[in-house]
Each structure stands twice: as structure tokens, then as C-alpha cells.
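Undergrad: From TrEMBL, for reference:
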type	residues	note
TRANSMEM	6-24	transmembrane segment
TRANSMEM	65-84	transmembrane segment
TRANSMEM	96-114	transmembrane segment
TRANSMEM	126-147	transmembrane segment
TRANSMEM	153-180	transmembrane segment
TRANSMEM	241-265	transmembrane segment
TRANSMEM	285-306	transmembrane segment
TRANSMEM	318-342	transmembrane segment
TRANSMEM	362-379	transmembrane segment
TRANSMEM	386-403	transmembrane segment
TRANSMEM	432-450	transmembrane segment
């Protein structure tokens, strides 16, 4: 970054740290005791703080990366500053770890945007970085002791190292990401796929030059039939396969290690598996597209986009008719409703399901045209990417959403962020509109969490609304 851009980014970074620290102080004062999943995470981290590494809460379903990282940070800090045990293992101190991860995410966003969008102005890159930092679903968990900020940080750090060609470091960071959440293996595979797509595209362009074909006369994004044939020929060559293996071997080793873990553990989930069973919940893909459209509509949705979609439907009625029929069938046969979604009125998905999907049995089918428009907008926003990259990304989205039985917006955080990081950075006005949307949603979210508390009839503890 140039000197002036560095000053701008430093100012944004410092401002985010100051404002987030003030909000962190407010949240911690209002909710001192562990809340929601913190009742599992905080006691477990406190056990590790006390050196009891052989004790484990069977209700926890993720690996102990969050707790080990927390101990690795707070213990040296306690020794350096002379803090007492009750301070370093307190809820507030453990939550503060996520504030640090959140700032790390801010820096990762910026590095990725600088690497992918080299021709965009510094102002727009920094503005986009700030917007992604304030992405409401992730930003809220900056102030609670959840795995999301740390998990996101290590996945983004892995992606950064992959983009900059440091694949051994990327694999090591990917291992850390796995220790936070096992499903992050999907995004480690995404990084390996990113390398493969780049290498195949390089060979494709070389082939075009050998054939003396002008770049303008051929699409170099593997969208033509000739390109598909080239891809098949490329992958059938043992020499090419060997080249790809040499490029991605750190990720391959990590994937093999993960497969060994699954065999040894008897599944991907550790601890309580009764409420985390995998299933083919295909409508999750539709929920993800709708989620993406809602949070990115200031950037990607416009009257012109709607007109373009209608023209596309008119030009390809059989295609969209087939997709609509397929969607209706998937919703009919593969819609699952987790007991948590119906029972826990502290989460926003509870109200989405109650006020939209439970209005009438036909609602879930009536929404199909909206899902198709959201999916079309999603694909249109990534139109500059190669077909191979898109195929790899779509498969990752499929595996990160469909197996989840519970409708939980936190599961959409990483797929959404990877999507936004790889789409074209819009104009400053659109970015400002998106930033206003995120700030407004955050203000409403924290207002409800802090001031609109309620009680359950059979429980004396204060309940709060949250993502």
C-alpha cells in the first residue's frame, strides 16, 4: 500500500478498535454472565486456563481451538501485567479475545481485497473493508465468546496465504481453522481449488497463444465447449495431475489428516451429535441465496437487474421452468425443521420461520421465484470469474449449507464473505449505501439485545434477542 493509503487504513483500523471497545464495554456490563452457547464455551476455557486440559464438556461439538488460543493469549498477558486468575479467566477477558480476532478479520479483508482488486482505488478498497468488517451477522459475535470470529479469522488468513502463494503457511493456518470448526475443511479445499483453477487457466491461455488465437475471439474463462474439452484433456494427463499435486500437496496432507480424524472420531462432530446430524437439506441453499440477496441488495440489486432477469427468463423459459420444478421438488421432499428453530424464541431465524414460512404451507413454494432471482443475481455478480473457479465455489457452498439441518444464519457467514470478496467492488455510492444498511442493522440488533430483554415463564434468567 502507498503511504497515504496506509494512513487511511490505519485511521479506519484505530476507529474500529475504539468504537468496538466502547460497545464491548457496554455489552459486557449489561450481560456479565455467560449467555446462550457461552454457558458451554466459557467454563471449558476456564478449565483450560486452570490447566485442566483433560476435562471436556460433552455438549461442545467443535474442537478446542478457541480455548487453546485463548489460553495462549491470556496466560502470557497475565504474567506480563500481573493479572490475577479471576481476571484472566473471566467472561469479559475471554470475550475480548474475539474482539482481537475481529480486528484481525478487518486486516484480512483488506489484504484480500488488495490482492484480488488491484485496479480499484484505495478509497473504495478501504470502504469495502470497513463494510465487510461491520457485516452484522459476524460483527455481533465479536462481543460474545463464540467460535465465529476466530474461525473466520483463520479461514481468511489461510485464503490470504493461498492468494500470495505461501501454501505451506496456508495449510498450517488451515489446520488452526479446523481446530475452531471442523466444517472449515470446505474452505481449505476451496483454497486448493483456487490454485488448480489458476493453473488450468494458465495452461488454457498458453494453448490459445499456441493456436494464434486472439484473446478477444475466445473466452478464456472456460465457458466454451472447446475450453471444457481442454479441461478434460488436461486432467487426463498424468503429468498435469502430478503438477497439480505438487502445487497443492500441503492442502492434500491436511485433507488426508482430516479424513483420518473422521475415521478415528466416527464422524465430523465431537461431543453431542444428537442435535447436529447431517442431512440433505437442499432448501438451505435457497435460504443462503435469499440471505445473500438481502445483505447485498444495495450493491447488486437494481431496477435494471430485475429487468435483465425478466429478459433472461423470457429468453430461456424451459431452463427457468425446469429450475423452478426442481426447486419445488427439493422443497417438497427435503425441507427439514430443526427442533431448535421452533423452540428458541431468542434467535432471529425463529421469527423468520414463524412470520414467513409458518403463515401457510404454500409459502415455501410461493417463494421459489424469489429464490431463482436471488440465485441469478448471485451468479451474475460473479460473472467475471472463470467457469472452473465458479464450479469449485458452488460445490463448496453446496457442502457448507446443504448438510445443515438447522436454519442458522451463522452458517452463512463464510460463504457470504468469500462471495463478497470475489465480486467486483461497486461504486462509492453503493458501498456507502451498503455501509448504512449494515450500521442500521447493527444498531437495531444491539438495541434489541441490550434493552429489549424478556423472561421465560419457567426461568428467572434474563433472555435477549440475538442472531
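The backbone N, Cα and C atoms fix where each Cβ goes, glycine too.
Nobody curates TrEMBL annotations by hand; they come from automatic prediction.
Could you tell me the structural context for the features on the list?
TA: Sequence-distant contacts of the transmembrane segment (6-24) (same chain, at least 6 residues past either end, Cβ-Cβ under 8 Å): 95-96, 99, 102-103, 106-107, 110, 122-123, 126, 129-130, 133, 142-143, 446.
Sequence-distant contacts of the transmembrane segment (126-147), counting only residues of its own chain at least 6 positions beyond either end whose CB sits under 8 Å from a CB of the stretch, comprise 5, 8-9, 12, 16, 20, 23-24, 27-28, 34-38, 41-42, 45, 62, 65-66, 91, 94-95, 97-99, 101-102, 105-106, 109-110, 113, 180-181, 295, 409-410, 412-413, 416-417, 420-421, 425, 428, 431-432, 434-435, 438-439, 441-442, 445-446, 449, 466-467.
Nonlocal intrachain contacts for the transmembrane segment (153-180), taken as residues 6+ away from its ends with a CB within less than 8 angstroms of a stretch CB, comprise 62-66, 68-69, 101, 104-105, 108-109, 111-112, 115-116, 147, 187-188, 190-191, 194-195, 247-248, 250-251, 253-254, 257-258, 414, 417-418.
Only residues 6 or more beyond the boundaries of the transmembrane segment (285-306), in the same chain, are considered here, and those with a CB under 8 A from a CB of the stretch are 135-137, 327, 331, 367-368, 370-371, 373-375, 377-378, 380-381, 397-398, 401-402, 407, 409, 412, 415-416, 419-420, 423, 426, 430-431, 433-434, 436-438.
Distant neighbours of the transmembrane segment (362-379): 283, 286, 289-290, 292-293, 300-301, 305-306, 309, 312, 320, 323-324, 327-328, 331-332, 335, 356, 390, 419; these residues of the same chain sit at least 6 beyond its ends, with a Cβ under 8 Å from one of its Cβ atoms.
Under 8 Å from some Cβ of the transmembrane segment (386-403) lie the Cβ atoms of residues 183, 186-187, 189-190, 193-194, 196-197, 200-201, 220-223, 227-228, 231, 278-282, 284-285, 287-288, 379, 411-412, 414-415, 418-419, 422, all in the same chain and six or more residues away from its ends.
Counting only same-chain residues 6+ beyond the ends of the transmembrane segment (432-450), those with a CB under 8 A from a CB of the stretch are 23, 26-27, 30, 127, 130-131, 134-136, 139-140, 295-296, 298-299, 426, 464-467.
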Undergrad: Give the one range among 65-84, 241-265, 318-342 whose Cβ atoms make the most pairs under 8 Å with those of the transmembrane segment (96-114).
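TA: Ranking 65-84, 241-265, 318-342 by Cβ pairs under 8 Å to the transmembrane segment (96-114) puts 65-84 first.
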Undergrad: Report, as numbers and ranges, every residue of the chain located at least six residues beyond the transmembrane segment (241-265) whose Cβ falls under 8 Å of a Cβ in that stretch; write 'none' if there are none.
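TA: The answer is 167-168, 170-172, 174-175, 178, 182, 185, 188-189, 191-192, 195-196, 199, 235.
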